[in-house]
Amino acid sequence: MEPSGSEQLYEDPDPGGKSQDAEARRQTESEQKLSKMTHNALENINVIGQGLKHLFQHQRRRSSVSPHDVQQIQTDPEPEVDLDSQNACAEIDGVSTHPTALNRVLQQIRVPPKMKRGTSLHSRRGKSEAPKGSPQINRKSGQEVAAVIQSGRPRSSSTTDAPTSSSVMEIACAAGVCVPGEEATAERIERLEVSSLAQTSSAVASSTDGSIHTESVDGIPDPQRTKAAIAHLQQKILKLTEQIKIAQTARDDNVAEYLKLANSADKQQAARIKQVFEKKNQKSAQTILQLQKKLEHYHRKLREVEQNGIPRQPKDVFRDMHQGLKDVGAKVTGFSEGVVDSVKGGFSSFSQATHSAAGAVVSKPREIASLIRNKFGSADNIPNLKDSLEEGQVDDGGKALGVISNFQSSPKYGSEEDCSSATSGSVGANSTTGGIAVGASSSKTNTLDMQSSGFDALLHEVQEIRETQARLEDSFETLKEHYQRDYSLIMQTLQEERYRCERLEEQLNDLTELHQNEILNLKQELASMEEKIAYQSYERARDIQEALEACQTRISKMELQQQQQQVVQLEGLENATARNLLGKLINILLAVMAVLLVFVSTVANCVVPLMKTRNRTFSTLFLVAFIAFLWKHWDALFSYVDRLFSPPR
């Protein structure tokens, strides 16, 4: 993953960036802790390198002397002791994972002979040239092997190679350094050949699997950075969701307000309100669309971060590696001086084969078969190694080349001696371990036995690496299935959310269309009512106009009649007196008739109540008869009453 892709997550500006600052602060603290741990590991490696430097300088001097001198050095130790060597050995004793074997080595090597500091590799070559028949490893090929093996190792291997260094010291302790004589030398050569084969096979295997290591360095996610990035993205997704909800609520409010205003507005105001509403609606729709696109972008980023994670920044990794290689190279200069000078005999041929195999990991893996066939004379088990190396070359050759170019161009040294000190720890350990005992000559039989045993160890290492690779593939497949399940679940959830959002959008569109249709219907009804009212008012005005015209016609007729009557009256002025008398007579007759009618009505009003029932009728008739009787005999009755009421005489 490119650094721009890992840093892009933190380049987005956040308005409320307090949480982001806190995360950045925690990230810097974690990086400082990692740098401290790396520095401590580098110091431990430097201590181990210093101890190995003095150790292998002493063993190199011992391998250059005769067995008689070895016995004399062991029997007659010098009283002077190098304090630096003792301190380094004491520190190695505290750091190494095998203190008992190292204590045996330190007890055997108590009085190292003094060496002149400052003697370069070229001067030593001049002093001790190899025999004519023994091939030596070219310095360039040794550097290429170191670069290839270094490319197969993780970038953090310079800070975590304490077990490798301890294994090298264990090999040195198991080699029987203090055994004098020819037999001890042959035994040391055999053991060192076996251990060198194992170490070289592990180096070749690591270079074969260089793609896995480089990918693990480039692809190992930093948990703290990944966690912070996921939290940051989730916070942004929540903010965008809230903004989308707010925008949708504002759009609904605008629709409700438009409907409310459209109901209580006339035509001109309704058109103006409609224009304003359409502008606001388009703007809110664009805003919601942009927020949804941004939300999908952050969801995609979150999926990528959850799947791939955020690795360490390559700048920091290469800076730490460069510093670590500088320190280790400066401390293990003497350790690397003995690599090229002391590799002789049968081990030199195997080192050349190892170099060819390591170079073939990147370019030509089939050369391994021909080289090992020429060197060892047997090609029974070569296809297994060739297949494993071909797989590493086909899958990850380009990545191994990239790492080789990085590590070859990273350390910058002023001389060839400094450059040789920055090679890989495993190759240097193997070559130096081989250089401890190659000083003495060995027979062809021992060489063939050692080569066959070394080849068996190499095949055993290749088999173990294959098993490890199979386990890694199983773990990778399990992890891949887990991430595929998570990815499918997230995609299903995303599809459901997208489907739900689409349904909501469709419902909202339907509701908006319904409101618009209702508004259009209301407008049509208002227009029809307006037309109806206008028609009714026109009809009423026409009726009123017709009535007024009829009244005017009648008035004009009455005026004409009055005029005609006036004309007639003017013509009948001669008979006016007769007409006046006739009128007065008629008036008198009418008055008499009115009096009679009043009398009759009065009598009727008086008689009618007396005639309503049968009893009243009989009573009324009796009363009338009585009155008539009194009226008829009134004189007699009056005299009788007068006599009755007169006083006596």
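Glycine residues also receive a Cβ, built from the backbone N, Cα and C atoms like all the rest.
Per Swiss-Prot, the annotated phosphoserine among residues S6, S378, S409 corresponds to S378. Per Swiss-Prot, the phosphoserine annotation among the candidates S134, S410 falls on S410. Record note: among 197-222, 275-300, 301-326, 197-222 is the stretch given as region 'Disordered' by Swiss-Prot. Outside the transmembrane segment (588-608), and at least 6 residues removed from its termini, the chain residues within Cβ reach (under 8 Å) are 620.
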